[in-house]
């Protein structure tokens, strides 16, 4: 608090794109993270918490041609001029941690991590520049058994946090199959390959016919704008369409279709074989196509994936901001990235993992009414006589010793109405009142605020009389009576 | 992952002053935070999580004469040139949050917050630039009942996390008493007042005689260096010494001594009266001087405190790095700060709160052996035949369905010794083995790794034979046998 006397008052505002989380928003997230950590732990993953700050070179975002490496990250210079930045995900820090501590860590290293990450991006509605991720990764396991395990764990996790079977689907694909398709098309132009990948990513939106158009001459989109196509001939486009439409409920059929789509490509065959193994491993553990399926339309944006990729989607419908029905969509994704640790050590270290978008998953659970129910406010002991604060605090101490959530009103006690308004704002179930008369008689008044609110809403005068919502009990029965009212409303 | 091919390899290192936390370091902290949140919740406090990033003007660290506001904080410029910074504590953000959302928040607003904070300071041994705080504050309550409540809650919290009564002491003082003493000394020179405050802060180290010297001409310290004194006469120094030495076990005696020390100072009398009320309120709730005492030697560094200040100290002795006994010291502190919200709104809003130094408290609990016991590693299912991975993953799935922590070995299975070494590194209690012979016979081998390690350490050959640490059981009894071994070692 430096001398601020002459300065104008600071604005009480979060920086653009940041926000505060209150009460249940915080505790519900904490509970969900705790549940997820429990599943990860059971699968043998160990906790890791790396710092929020990394060197820019470790994050790998440094672009030599710009003075300031702020492409997507929040970065600044330390006193010795080295650049530091806030982590933008939990994967880049894991690669750094593994490279730094590899001599002390078990191999394979299964770790989970949860915490905020920061993105220096344009904020938008529902898009914040700080948000939570919750990741699990296995470093040093080249076998696709590791990928299958991550998919199984993801399914277990979703069910454990409250998404029932049938409301989610984990879709698995393999970058190698995609590469095989591109190889078999004879595409050697990088720009054209990228354009094909972007088109594949649009399959869910535009469907088979749309993809055909986009791979060929182009397409008129819904807004009437013309989207240039990739410029392939129909024959050239065919393998992509065959690939995209190879998905079936039965993994065996999907795999046969994929084999046809990749032609003689070696890398493609490797990819299909890996998907086949994953399907077998999951079937052996009882994860059927109602939970995890092979789906060739999954691409995953990140460039660093080298093999299997997966995505968890919530399949139930919600209403979007315009009142239209749509599927809730993706809440988690991941895949195999075998080159991230190599950046540091020069040695390839296979790795695979998943990242759960915690805030989106919370939104989904709230949407379904699975969390966000009533939060129990504290019992409020009101202050009728400010000189007897010690008495009131002793009452609160008694209530707490009985395990109840309770507090004494600490604002200005002069206006009793304000005290009840406060109790209302806190969603207090019960208020305790002890004025001078009660003190003399050795009693307290106990007000059932939940019943009181209900009566105030819709009771006739007779009902009101029949259901008193305030009770006078001897002082030594205060805790028991409060407990009784709380039990009643459970 | 931009093009990095030509660039030298990045260093796999945290930035200077930052560190990673592994396994139990993470989970033990999470458990402790959870326990603390439970106590805060019971006292009626609601959770708040503000973002890690604040505007520099909201943090209040901006110094107009420097180009870059990096005094103690990590700061950078956003694209619109406004300065942002990582929060350095949880109190400054609370003042901003309260000012921003005051129309929606209850009054008084009791909130707790926990999370990392960042300091741009020179790191040292055990001093990191990112660390956890865990705060509870009451905003909008001017009554010292709020301060007393915070002290009581702090005592409850320490006991709840595992510091037994007798091993901690909460010391309470009041800045107003201190101001009263300075007033009664007639000190109007700011520099001299500051020098007196710094001297008071040394009382614990140098004792009464040392303080007398430091207030007067100066003092030869242990290293032989001469420390200049404040330059007061003996008569001038007397009130300070009287104040510092007024602490007694009985609050009433301490208060009487303090009254004598402040002479006719009005603010001093106000401070003593507040301490008296706090002592009464705490006594009424049963918090005696074995838990919370009035202690005039508590100063608390921060300039923004305006009334009661408090500090929680662990009183048991530990050995320092040089093997000397010393008290563990402070793990939490706080006090009343009535001017922080006013920075934003112009209106005074009284507030009081406490901050627990989570990492120090964890260190204390580890020191006392109260946490950091054995962490249960996962049951490891070994891979004898890599083509039967599906079988092994099915075994693991069975173990997990029984609620056990289990995993299949995912490294290269060729060398069986490496698999057992891995199990050892993970502190696995049990390994499960199913080779071709076992498969044919319908059995599995179950290895008790804890007993095995014990035997390997100190058993004679006879004992070794009498206590086999490996069992052959039918495949369908695998889970039961593993469970039996785990129960045995509980």
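Here the Cβ of each residue, glycine as well, is placed from N, Cα and C on the backbone.
TrEMBL lists B:89, B:90, B:91, B:133, B:137, B:300, B:304, B:305 as binding L-histidine, and of B:102, B:119, B:291, B:324 the one it places in that same site is B:119. All protein chains shown were included, and the count of other CB atoms within 10 Å of the CB of residue B:305 (L-histidine binding site) stands at 23. The DSSP secondary structure for residue B:89 (L-histidine binding site) is coil.
Across the domain 'Aminoacyl-transfer RNA synthetases class-II family profile' (B:16-378), the model assigns an average pLDDT of 89.
Among the residues the record lists as binding L-histidine, namely B:89, B:90, B:91, B:119, B:133, B:137, B:300, B:304, B:305, the two farthest apart have Cα atoms separated by 21 Å. When other Cβ atoms within 10 Å of the Cβ of residue B:91 (L-histidine binding site) are tallied across all protein chains shown, the result is 22.
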